[in-house]
Structures are given as structure tokens and as C-alpha cells.
Amino acid sequence: MMYRMAKVIVDVPSRETDRPFDYLIPESMSEWIEVGSRVGVPFGRRTVQGFVVSLHEEPEMDKSRMKPIQELLDLLPPLPHDLVELAAWMSKKYACSMISTLQLMIPAALKGKAERYIHLNEDNEVSGELDEGALFALPSVLSREEEEIISYLRSSGPVTMSHLSLRYPAHSKLIKGLLGNGILSESQSIKDKIRKKTIKTVAATVSGEEAEIALASFGAQARRQKEVLNFLLEVGVTLSLQEVLSTLQVTAGTVKKLVEKGYAVIEDVEVFRDPYQDRHFKGTVPLERTPEQDYVYNALINTLNKRTNDVFLLHGITGSGKTEVYLQTIERCISMGRQAIVLVPEISLTPQMVERFKGRFGAKVAVMHSRLSTGERYDEWRKIREGRVEVAIGARSAVFAPFKDLGLIVMDEEHETSYKQEETPKYHTRDVAVRRAQQHGAAVILGSATPSLESYYAARSKSDDNFAPILLEMNQRASGSSLPGVHIVDMREELKEGNRSMFSRALHSGIASRLERGEQTVLLLNRRGHSTFVMCRSCGYVAGCSECDISLTYHQKSNNLRCHYCGYSAPAPSICPECGSEHIRYFGTGTQRVEGELSKLFPGIRVIRMDVDTTSEKGSHEKLLQAFREKKGDVLLGTQMVAKGLDFPDVTLVGVIAADTALNFPDFRSAEKTFQLLTQVAGRAGRHQLPGEVVIQSYVPDHYSIVHASGHDYNSFVREELNHRKALHYPPYSRLILVTMSHEKLPLLLRMAENFVVELKGKAQKHGWYGSLDRFMPEALDILGPVASPMPRIKNRYRFQCMVKYRGNIDAVSLVRETASATVDNLRDASLQISIDVDPQMLM
Ligand code: ADP
Ligand code: ZN
Ligand code: ZN
């Protein structure tokens, strides 16, 4: 079938252009253009990049008004059909533009931009041979310089303006003149940021008798050439030119002479940049499965065999051998000729994790790391697209790995918030993984020691048709070691006993004895963002909102406390309303302060600090961990990053400096986050022969998240937490949409935000949905706000937000999206921005 027309999504980020545009397919391209092809198309007066989303036989509208596709940018379309379909699904689900979702799926190297090129104007060329006489056919007499420019362009072909002016720095006026009188002209073309990497190779072109003759022909001055040819003949295969030059200590000129004589060829050969080329990975073999692992493994293999497209929630304690199960399941998946994706939170994509997959699957694995260079990322991606690898491991964007026949998607640490992308498109990797698996009839494994409440509830209640995972559990450590003992220290008591230091006596003596024995300590400073809350150090009281059950945020400027869900505000207290103590203040301790205190208390202690400051450089995270592994540090001190997936045999003490800080983060998930973090970090101690110990310091030692984390008791925690969520209609008993509006003018913004809420309420009312979630209605929708955002002003723009809370089978996203569009249209002010976050993870 001949397609004559293509619908193209263009790379122009605006609401008006968020739809497909029609283009004619030139006959020369019709064999090549597919759904998913990347093309350059004329758009207004520019050339822009776009993606073909559908093909049609006959144009729907008048052909004469349609423009043809200008260029096809790749022979193999970068996007397979299923990803184009997935992009459409995501754009609806997350209320974002189609181009923003398509862009997610291709490597940055392919985000081409139009470049302007200068070339000889064909119309002025005398057709046929380009002989000297051609120039004299031109209308005016040209200067020598002009002729030089023209003959350069004739041999070079089109070049960029900057290239040309670099070459002829003194002649920009002449070039302008040539453009003006039509001898040169300008065009646009899409240029990629990065090209495929090639290297020059060299090989002999002669052999046998011919070679003998060739060798005999060299005179004494050509001794070096003879040496090179001899070498090439001896080796008998194509070699990199660089290698030949450095081995024989000859110059490129010598080799070129051989080429001129026809005895050798130099060719450009495409190579893949390999970020791990200097690393050797020790091979590993599958371990004999424990009974628990065997049960889980069989359930997974059964699904793979039957292609039943099941989603599993694997709840396994830290060290229960989940990763080993992933490895063995993937092995089976590959042996069936299908491919697998392994998703890990960016933070735990440590060398250890990479090593385990490379160790088992070697070159069959592509690694997609945010810290790879653009070129390296592009090459890892190409290995997947061209079918050269069978496993992709990476952070959230690896879910788009363009495999042909996916059999399995593994999502490790599925509860991690980093699976939600915080910039537009604000997608959740878990939902996308489940959808993608449906497209391929693949299985999904969501693994965690502390599954998110959403996933766990979905598995238990089976109330959601689209997402009802099958629960699998592993409760024993695979190595047979036991979970460490956890000791909770009440910091209020420490203060009463006169200890004003940030270290309790238990933690202090714990560190001291580790130093003596030459064992190691991990110290976690539990701190998220820069939130400030007010806490009493005497009794642990924290100021909170009674309506929303979250902490109030302290605003220094106005010296008051605010709830950023509902807008409630109150003056900051100077004495504790609970116990009358004056030890009430806003809280926050940095890693640097802890480090300082440590070296004061333990002179000579070697501290390895890991936080955003010390890990901003490429590879620094790995270097710090490597140093700790080599025992170049006594203490590893850090924020969340120290809690994840690390496995050090000599760590026997884990201390949590202030377990409460995350608890007081103004987020309804703060208890869950605290429980998860404490459970994770407690799992770091005593994973091997030496028994481990955990010390948790807290001002609210009775809080259920801390008590249950210390007992390694997920089920009890979940029971209690679900009760709270249910009472206040938080997820998983409702869904949320966070709408943030911003504008430079505060009064206008406020009016618009209020309008928006009124409009939305009206629409919901018409459907019969609007009303408090307290009332017994299977379908209900409530709107909180508008209130000033927790960060009320960013880059001179004021920000207001409101939260839509709903349950039941309601298309609330479309409702919000329509209302947002109408609000912007009515105002006719493009600087009013409305951002929509569906199922938000960060309510900031
Ligand atoms: P998880 O991913 O659940 O934290 P891992 O797969 O990392 O658990 O396993 C924890 C430790 O137990 C690792 O050191 C691993 O090599 C070891 N292990 C896993 N499975 C087995 C097994 N079947 N037999 C012996 N050791 C195992
Ligand atoms: Zn108090
Ligand atoms: Zn509130």
C-alpha cells in the first residue's frame, strides 16, 4: 500500500500545536516512512523536528495546501509503534502534551534542532559538468575571494553559517552579498546533537603473490611503509588506525602513502561507546534457590510460560534474595527469546547493582544511567533498538527501552518516590510499566521490602480493575542471617539527663566501640527538602493542622505557621503549648554540622560524607562508596542515599540521628516514608557474619512508624496507616490531582485561581460528583484551596495551588484539563501557567 500522507506531532511546545499536523509524503520517502519515524517538516517559516504518528492513503484536505515532509532523519524509526501508542495514553492520563511524552522516549542525542545552512544556489548553476567556464555564466564579475568561497562550497556541500564565517573571518560582507544576489542561498535542516561515533580502521588490500610483489617493490626510503604492510599482512584482520600507529610508531602519512599505492584501505567504522569497557565483571552462576525463592520463582515462570500478563507485588524483607529471583527469572525470559527491563531508583543504581546484572548476563545488558554522557546514553539506547542486547537496566526512563518483544519488567524498590517524575510529563513509572507490559503481554514484578500503600492496598483489595497485583511474600533472609536488633532512644530523656548533644549516649558508645574493634558505622541524617517545622525538644510536640493531619510549615518572614493543604495559619509559638517549655524552635540539622560534631567527639575519626554537596560530580557517589568499602572511612554519614541497597560486610552499627524529621514533613505520606526509610537503613546492618545493631534517635519514640520499623513489622504498620488514610480520605482511599497556577501579578492570579475552583466545582456538580468525601457516595470529588504554594514565589512568579481529591470511576483528569484550558482561553493571557500533577508524590 502506498501512503501519501502522514500525521506529524511537531516539536513546538504550545497548547495550540498539541495536535497532529498533516504532511504529504514525497515519493522518495514513501518506502521508508513509518509510524514512529523522525522527520524534519516545514512549520510556518521554520523547519522543525516531528514524529509520524499515523499514515494515510489519501490526504483528507486539499493537497495543494499541504506541504511535503522535508527530510527523514533516521532509516530505522527511533520509536516502535507501541511507544507511539503509549505516548498517546500517557498524554491523556497525565494531562500533558503528546510531544513532551514522545521526547521522553528518545535519547537526548536525537533531540535535533534546525540549523541554517549555506549552499550554492542550484538555479544559478550551469547544469552538467562543473567546469571552470560555469562561473563566467553568472551575471556579475566575481572577485578572486568570491570565487574562492564558491569553489569551496562546491566541494564541501552545504555548511553552517558559523562554519563558513570561521573559515572566511574577513569576508562576512562578501558572503552576505553573495546571499543577496542569489548566488548563495540558505536552507534549514535538522541536526542531531550527537553523531554515531566512528573510528578509522586500516586493512591490507593485497594478499598472496600480489602481496609478495608489493613488498618487494618498496625502496629504501619506503622502509616504514613496508613495515606497515608487513604488519597488516601478518595480522590479517582490520585494525584500528590508532592501534597501528602506536604499535609501529609510524605517522598517519606513512599509512596514507600505502593507501595511495592501493595496498591498503582506510575506512570509517561505526563503534559503540561503552561506559563499562574498562571494567571487568566477574561472572556469576544462579544460586540454589531457598524454598521461599523457589515458590516465587515458579509463580513467575508460570506466568512467563502462559503469557498471562500478570502483575506481581513481591514483598520480601531486605536480604531475602529478591535480586537473585529477578536474575533467574530474567534468564528464563531471555531463553524464551524475549527481553527484560529492570527498573531501579536512580540512587540505587550503584556499581553493586550493575555488577550483579553484568556479572550474570555480560554484554547482553545495556545500562541507562543519568550520569552517562549523552553519547554513551545514545549508544546504550541504540544497542536496545537494534536488538543487540536483551536486558536494559536503568532508572525510570528505562521503562521506554525500545525492545521488540518484552517478556518481563522488574521494578525494584517499587515504593521509591523517585519513580514519579516531578517535571512535565509528571508520570509514574509504575503505571507506565504496567501499561507497557499489557501491550507486550509481559509480566511485571514490583519488588520491595516496604511496598507502597497504594500497591499493597491494590493487591489486597482488588478494587481497581486496571491494577490488581498478585501478592508474593518472602520473610526469611536468603543467607540465613537474622535481622538486626533495633534500639530506640528517646531524645527527650537525653535532654532531661543533661545531654544536649545530637548524639545519644547509646549511639556515642556504639560508635566508640566500633572504632575500637575496627568495624564500620553508617549514620543517617533523615532530612527531606528544606522544610522547617516547629518542634519542642522537651516533649516532642510538633505544631500540626488538625484538619489535614500534617505538620505546619514555619515561615520565617511572617513568623507564622501555615498548612499548605488547606491554608490554615497561626502565629508561631514561643513556648510549647503542650508542656510550657521554652525549648521550642524550628528544626533542621545539616550533615556538615554532624561531621563537625563527630570529629570533636572522636578526634581522628575518618568520616565519609555523602550528600548533595559531595556527590554532584560524575562518579563521586561511586568513589565515596568504594572508599568506604576499602575501609578508608570509619563512618559513612549521609542523607537518604546511604540507606539504599548497600551491602558492606563490616558495617555492624547503623545510627539514625533524628528519625522524626521526615515524620514532620508536611506530607500525608510522611509516616510511610519514615517507616520505609528506617526499615531500609536497618536492613544495612549485619548482612553477613558479624551481627548488626541499629540505634534510632527520636523525639516521638512511640510513633507507630518508628515502633513498627524497629520491630521489622510491615503488616502492623500498614494496618495502622491505612486506618489514618481512610479516616481522612487520602490515597489509596482517594486519588489526588494537584493543580498549580502561576503568574507575575498576584491579584490577577488570585482571581484566576478562585475562578478555576468555582468552574471546576460547577462542572463536578453537573455530573453529580461534587461534595465532601465524607458523605457516602461511591463517586465523589472535593476541591481544597486555592492556597499559596509552599514555595509561593519562584522566579518572580506567584504560585497558588489547589488539590482535587476524588474517588470512584470519574474522569477527573479530563475535567481538570478542560477547566484549565478554558481558564487560560478566557483570560487570553499566555503568561498564566497552569500545571497539573496527576497522582502527585510531592505535594510541594
Ligand atoms: P534482596 O534483593 O532481597 O535484598 P539479595 O538478592 O540481594 O536480596 O540477596 C541478599 C544476599 O543473599 C546476597 O548476598 C545474595 O548473594 C544472597 N543470596 C540470595 N539468594 C541466595 C541463595 N539462594 N542462597 C544463598 N545466598 C543467597
Ligand atoms: Zn513541649
Ligand atoms: Zn490543613
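Glycine residues also receive a Cβ, built from the backbone N, Cα and C atoms like all the rest.
If you look up TrEMBL, you'll see CYS536, CYS539, CYS576, CYS579 marked as Zn(2+) 1 binding site. Other Cβ atoms within 10 Å of the Cβ of CYS539 (Zn(2+) 1 binding site), summed over all protein chains shown, number 18.
Per TrEMBL, the feature Zn(2+) 2 binding site maps to CYS545, CYS548, CYS563, CYS566. For CYS566 (Zn(2+) 2 binding site), the number of other Cβ atoms no farther than 10 Å from its own Cβ, over all displayed protein chains, is 15. According to its DSSP assignment, CYS566 (Zn(2+) 2 binding site) is coil.
The annotation domain 'Helicase ATP-binding' is assigned in TrEMBL to 303-469. Across the residues of the domain 'Helicase ATP-binding' (303-469), the predicted structure has a mean pLDDT of 92.
Marked as domain 'Helicase C-terminal' by TrEMBL: 571-754.
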* So, in DSSP terms, is CYS579 (Zn(2+) 1 binding site) helix, strand, or coil? -> coil
* Given the recorded Zn(2+) 2 site (CYS545, CYS548, CYS563, CYS566), which additional residues of the same chain have their Cβ within 8 Å of the Cβ centre, ordered by sequence? -> SER546, GLU547, ASP549, ILE550, LEU552, HIS564, TYR565, GLY567, TYR568
* **Distance, CYS548 (Zn(2+) 2 binding site) to CYS536 (Zn(2+) 1 binding site) (CA atoms, angstrom)** => 21
* Quick one: of the binding-site residues CYS545, CYS548, CYS566, which has its CA closest to the CA of CYS579 (Zn(2+) 1 binding site)? => CYS545
* Structure fact -> Same-chain shell around Zn(2+) 1 excluding CYS536, CYS539, CYS576, CYS579, C-beta within 8 angstroms of the CB centroid, reads ARG537, SER538, GLY540, TYR541, PRO577, GLU578, GLY580, SER581, HIS583, ILE584
* May I ask for the distance between CYS576 (Zn(2+) 1 binding site) and CYS566 (Zn(2+) 2 binding site), taken between their Cα atoms and rounded to an integer number of Å? => 23
* Structure fact -> Close to ligand 3, in the sense of Cβ under 6 Å, among CYS539, CYS566, CYS579 as binding-site residues, are CYS566
* Have a look at the binding-site residues (CYS545, CYS548, CYS563, CYS579) and report the one with the fewest Cβ neighbours inside 10 Å. => CYS579
* Structure fact -> Most isolated by CB count within 10 A, of the binding-site residues CYS536, CYS576, is CYS576
